[in-house]
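Quick look at what TrEMBL lists:
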type	residues	note
ACT_SITE	His117	active site, pros-phosphohistidine intermediate
BINDING	Lys11, Phe59, Arg87, Thr93, Arg104, Asn114	ATP binding site
DOMAIN	3-140	domain 'Nucleoside diphosphate kinase-like'
Amino acid sequence: MATERTFSILKPDATERNLTGAINAVIEEAGLRIVAQRRIRMSDAQAKKFYEVHAERPFYGELVSFMTSGPVVVQVLEGENAVAKYRGVMGATNPAQADEGTIRKRFAKSVGENSVHGSDSAENAAIEIKQFFDDKDIVG
Ligand code: ATP
Ligand code: MG
């Protein structure tokens, strides 16, 4: 498996509790390199677009309002098999079902306020990275 990139978000429940450094330590210890990172406040339009695949789900409104409720840290992670590796490091969507040692098991508050996002495919990673970063701002 070649080196690839994935897109990550440290969500508002994480920034609110000053967990950026603790979560980044887990990411780096897993062998993923943070090659771009920016702290932003997501606009309503950005959050709606980002999660548009979930537009018909009952939790969509709650999800968009959560993602715009405070600062987030958007990141590009690079490494061997980065998409699948980061999904493993994150753990299951619902922290109650996440494996020991994963970010969501350690830090997430609930299925909604679950601390991190990670792309679910290399194709979606490329689309998500483009939504938040210019190529020149990614330093591999
Ligand atoms: P993410 O896309 O954020 O990395 P995921 O791929 O593990 O998470 P998805 O099914 O894509 O999970 O859901 C996107 C996000 O929507 C979840 O991370 C969570 O914040 C929220 N979410 C998912 N299911 C629920 C639910 N049942 N109730 C409330 N929020 C939910
Ligand atoms: Mg998802």
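Placed from the backbone N, Cα and C atoms, the Cβ positions cover glycine too.
No curator has checked TrEMBL annotations; they are predicted automatically.
For ligand 1, the neighbouring binding-site residues among Lys11, Arg87, Arg104, Asn114 are Asn114, by Cβ distance under 6 Å.
Fewest Cβ neighbours within 10 Å among the recorded positions Lys11, Arg87, Arg104, His117: this applies to Arg87. Here the binding residues for ATP are Lys11, Phe59, Arg87, Thr93, Arg104, Asn114. Their largest Cα to Cα distance works out to 21 Å. In sequence order, Gly112 constitute the residues six or more apart from Phe59 (ATP binding site) in its chain with CB-CB distances below 8 Å. Most Cβ neighbours within 10 Å among the binding-site residues Thr93, Asn114: this distinction goes to Asn114. Confidence annotation: the domain 'Nucleoside diphosphate kinase-like' (3-140) carries a mean pLDDT of 98 in the model.
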